[in-house]
Amino acid sequence: MPPSKPPTKPPLSSLISTHDFAAAFPLAVPAKTVAFVTSAATDSLTCAANKEAYASITLRPRILRDVSGPIALSTTLLAHPVRSPIYAAPTSMGRTVHPEGEREIARGCVAAGVAIVVSTSASFAVREVLDVVGGRVPAFFQLYVDRDRHKSETVLREAVGAGVKGVWVTVDAPVIGKREADERAPLDEVEVTTPMSGAQAVRDAAGGGLGRIMGKYVDASLAWGDVAWLRGCLPRGMPVVLKGIQTAMDAVAAMGAGVEGIVVSNHGGRSLDTSPATILVLLELQRCCPQIFDRMEVFVDGGIMRGTDVFKALCLGAKGVGIGRGTLYGLGYGEEGVKKYIEILNDELETTMRMCGVTSLDELHPGLLNTRAVDHLIPSTVDEEHPFAKWRPSKL
Ligand SMILES: Cc1cc2nc3c(=O)[nH]c(=O)nc-3n(C[C@H](O)[C@H](O)[C@H](O)COP(=O)(O)O)c2cc1C
Ligand SMILES: CC(C)CC(=O)C(=O)O
């Protein structure tokens, strides 16, 4: 028998759902890249829960509301206009997927008219990515704070000089999560450097985990007091967003720290396994501290695969919805793939809106959802009376 030919990736024109993109991804990139991108922390429970929780929330469609007119998806993110609330979440090392990495993601975002968040661990310097953007869509900078703060200050100066519209500090990864698939997959298939963090992929005694090795520079000493340090590094008026909020208590603390936004995120389940699904955290914020939605912009990411997921997040107060792995699945097909991935979600969102009797984003509200199936999972208060807040290790 002749050896069977390895399967080739299907043509872009044949992909009609985000799941089709996810299935095609392993056929488009090296095995190491698949392991790095798709892996999550330990048992991947949070990664799965992010998706499952969306399925547990059902819609309450309203009928006979003349939804024949155009649907307005355009909105603003931190006051910058975009064609859709969907944005490319920061993802590192884009060259593991495509030779043009984040520059190609940027082209796809420009074509779709959506915002991009550029990672400190991008394969290109922030200016090289913003040169592609050319001011046509808002670009934000995701900061991993370096243990050498001078390096972070330099990177921030470069990002501001390049024209980013805000800084998103990642706060859910003081150390990098244990991703076993990434650790096991041999490192020799890919050559990776990240110019802004100055890291290089070299296998060490613990294994070949790209995330862990390339994230060694991240400063675990980061604390609330550092928001003031960050402000001092930025021009007046530059928005600061904390990415990785997972409790109402920390959302309230973020509001107290005076930041302009938060991202409800658990890093796509890549950081701490069994941390809660992000849509449930958004629901917790609605229940425990609804005032924050008037004071800050709240974004969410993690597990979003359908327009109905986007719709649910927006109904619960999200101003924007980030796509992490999906952007990279799209990138497997270059700029056109990124654009198509976003447009599939936009189309599904439009359909969901019409079916639910609304034609503009400002008509979305929690009453369009039934959350009864998950209500028992939501902590109901942020104050010190809450059993979680009272729990102390000394009780063990
Ligand atoms: C391959 C990969 C690299 C990532 N790199 C970063 C990063 O450099 N900085 C960051 O804040 N988040 C990073 N994230 C997390 C994403 O910004 C986002 O929170 C997450 O992917 C959302 O979940 P989703 O993949 O289910 O959409 C990364 C995620 C992936 C999959
Ligand atoms: C740790 C970084 C280098 C990348 C990252 O955030 C990720 O892989 O999730």
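From the backbone N, Cα and C atoms, a Cβ is placed for every residue, glycine too.
What TrEMBL says about a protein is an automatic prediction, not a curated fact.
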Going by TrEMBL, Ser119, Gln142, Thr170, Ser265, Gly324, Arg325 bind FMN; tell me which of Lys243, Lys312, Lys339, Lys340 is listed for that site too. Lys243
Output: those binding-site residues from Thr170, Arg179, His267 whose CB lies less than 6 Å from an atom of ligand 1, in sequence order; none if no residue fits. Thr170, His267
Anything within 10 Å of Gln142 (FMN binding site)? Look among the binding-site residues Arg179, His267, Arg270, comparing CA atoms, and list what you find. none
Binding-site residues close to ligand 2 - of Thr170, Arg270, Arg325, only those whose C-beta is under 6 Å away: Arg270
Restricting to the chain of Arg270 (glyoxylate binding site) and a gap of 6 or more, list residues whose Cβ falls under 8 Å of its Cβ, or answer none. Ser39, Ala40, Ala41, Cys47, Ala173, Gly177, Arg179, Gly211
